[in-house]
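Enquirer: Input: one structure, supplied below.
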Amino acid sequence: MNGLFLFCVATTAALAYGSDAPCTNSGGVCQDDHLACHNGHYQSGLCTGGAHRRCCLTSASHTGSFSTGIVSQQCLQCICNVESGCKAIGCHFDVNSDSCGYFQIKEGYWHDCGSPGSSWRSCANDLACASKCVQAYMSRYIGFSGCSHSCESYARIHNGGPAGCKHTNTLGYWSHVHAQGCSHNSK
């Protein structure tokens with residue numbers, strides 16, 4: 001009888017709360033908003049359940065600055081704007097796998113950049129960590145296939161992989177980055 005009671009309680013809780021994936025994919029935790037959200041803020045619409053159950057997102061996931069490296073701050077800003085409006089937007093299914101965070105980083109890209117931070121999803125949703133990953137990825141692949149040190153090359157590699165600057169299918173992506181105010185020489 002006790003087992004049946006626990007099953008009913010667990011089932012009711014699962015139905016009441018459903019999936020918290022939108023919150024957890026953004027690096028947050030679903031909880032009642034009467035609890036303190038230390039070093040962060042609450043965002044509605046990412047958790048299922050009652051009206052007072054909201055996503056606690058830490059400030060570290062949503063603020064900070066770009067990591068320094070071979071890609072200029074301006075170029076990082078343009079790429080970030082194209083990918084997410086430069087917001088920690090969580091993960092979305094894109095071209096056969098999830099892309100996450102500020103720069104819409106895929107898990108393979110995160111491994112190639114040295115796997116910074118505590119996990120792929122949390123790094124992608126932290127501006128400093130995500131931009132560190134982009135910097136490391138570019139440092140690793142910029143010389144591949146003769147790509148030049150330019151914002152155009154960085155953007156096209158970000159979009160198309162290590163030889164992305166040589167693929168014509170990344171020219172459209174570069175147009176979007178260029179429209180954000182970056183030029184070929186923005187580095």
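Keep in mind that glycine also has a Cβ here, set from the backbone N, Cα and C atoms.
What you are looking at is a predicted structure, and each value in this text was computed from that prediction instead of being measured.
What Swiss-Prot shows for this protein is this:
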SIGNAL    1-18  signal peptide
DOMAIN    68-183  domain 'I-type lysozyme'
DISULFID  C75-C151  disulfide bond
DISULFID  C80-C86  disulfide bond
ACT_SITE  E83  active site, proton donor
DISULFID  C91-C100  disulfide bond
ACT_SITE  D94  active site, nucleophile
BINDING   K106, E107, G108, Y109, W110, H111, D112, Y137, H158, N159, G160  substrate binding site
DISULFID  C113-C133  disulfide bond
DISULFID  C123-C129  disulfide bond
DISULFID  C147-C165  disulfide bond
Enquirer: Is C80 (disulfide bond) helix, strand or coil when read with DSSP?
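Expert: DSSP call for C80 (disulfide bond): helix.
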Enquirer: Of the recorded positions E83, K106, D112, G160, which sits closest to C147 (disulfide bond) by Cα distance?
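Expert: Checked the recorded positions E83, K106, D112, G160; minimum Cα distance to C147 (disulfide bond) goes to G160.
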Enquirer: When DSSP states are folded down to helix, strand and coil, where does C91 (disulfide bond) land?
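Expert: Assignment for C91 (disulfide bond) reads strand.
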Enquirer: By DSSP, what is the split of the domain 'I-type lysozyme' (68-183) into helix, strand and coil residues?
Expert: 66 helix, 9 strand, 41 coil
Enquirer: By CA-CA distance, flag whichever of C80, K106, G108, C151 among the recorded positions is nearest to C100 (disulfide bond).
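Expert: Checking each of C80, K106, G108, C151 against C100 (disulfide bond), the shortest Cα distance is to K106.
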Enquirer: Out of these recorded positions, E83, D94, D112, which one has the fewest other C-beta atoms within 10 Å of its own C-beta?
Expert: D94
Enquirer: Do you know which of the binding-site residues G108, G160 has the most other C-beta atoms within 10 angstroms of its C-beta?
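Expert: Answer returned by the neighbour count: G160.
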Enquirer: Which of the recorded positions C75, C86, W110, C113, G160 has its Cα closest in space to the Cα of C123 (disulfide bond)?
Expert: W110
Enquirer: Given that the record lists K106, E107, G108, Y109, W110, H111, D112, Y137, H158, N159, G160 as binding substrate, what is the largest C-alpha to C-alpha distance among them, in Å?
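Expert: Pairwise Cα check on K106, E107, G108, Y109, W110, H111, D112, Y137, H158, N159, G160 gives a maximum of 16 Å.
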Enquirer: List which of the recorded positions E83, K106, G108, W110, H158, G160 have their Cα within 10 Å of the Cα of C91 (disulfide bond), in sequence order.
Expert: K106
